[in-house]
């Protein structure tokens, strides 16, 4: 079925999901190695069978990865290659071009401050993106986009998106949260760290306190975090704050490996 979808002039959101899952054999969220080589081969065959030329983006993609046994692509890369209806996943990147804007959007759409974007909140987010892009849609199409996005990024299948799951919509170079995955800590250690760097003990961190924490984290984890990127990390994390007050639950989204 996935091969038949590759022959389409335009691929729907749900068909795109079927294609991704078909080639991501091990379910790790990437098409890589032999999976990627199979995808390239079948993409070329499918387009030929349909009497369609490879698009310029497809040609560039094939040229880059055809002989690369170590190649690896994720959802965002795939949606740029395939003629996906409305390019629905690219709305996010068009509207939110930096990790700071992403964090601001998270704070807006996590309306109940649960630390998750649930289906109804995600639906509101996608609806606003469609309206901002002046794209026509109906309730059925909005529901399809919502459920497809949820299925793609909900890696633990709990029916909602945590911050790191939703951040997969960002290109890797913008997704600073990928780096912080390697320095996340237990709830107990996180609470100790928060209390240590909340120097005036007012229950939240300001920019200076966060700056001190980030400098120490970068120094201790210099193989993962870059000192030169501290301003980027800081502006993105402070976008979660309440008027410059970064509370424990917001910082925990980035640094704590357990639910608070």
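Note: Cβ is positioned from N, Cα and C throughout, glycine not excepted.
Note on the domain 'EF-hand' (11-46): DSSP counts are 24 helix, 3 strand, 9 coil. According to TrEMBL, the feature domain 'EF-hand' maps to 11-46 (among others).
Sequence-distant neighbours of the domain 'EF-hand' (97-132) (same chain, 6+ residues past either end, Cβ-Cβ under 8 Å): 88, 91, 142-143, 145-147, 149-150, 159-163, 166-167, 169-170, 174-177, 232, 235-237, 239-240, 249-250, 252-253, 259-260. Summarising the annotation, TrEMBL assigns domain 'EF-hand' to 97-132 (among others).
With a threshold of 8 Å between CB atoms, the same-chain residues lying at least 6 positions outside the domain 'EF-hand' (141-176) that come near it are 12-14, 16-17, 20, 29, 74-76, 88-89, 92-93, 96-99, 102, 106, 115-119, 122-123, 126-127, 130, 229, 232-233, 236, 253-254. As annotated by TrEMBL, domain 'EF-hand' applies to 141-176 (among others).
Look at TrEMBL and you will find 185-220 (among others) tagged as domain 'EF-hand'. Away from its own ends, the domain 'EF-hand' (185-220) comes close to residues 226-227, 230, 233-234, 237-238, 241-242, 244-248, 251-252, 255-260 of its chain (Cβ-Cβ under 8 Å, at least six residues beyond either end).
Beyond the ends of the domain 'EF-hand' (11-46), by six or more residues, the same chain brings 1-5, 54, 58, 61-62, 65-66, 69-75, 78-79, 82-86, 88, 144-145, 148-149, 151-152, 155, 168 to within a C-beta distance below 8 angstroms of the stretch. Confidence over the domain 'EF-hand' (97-132), given as mean pLDDT on the 0 to 100 scale, stands at 86.
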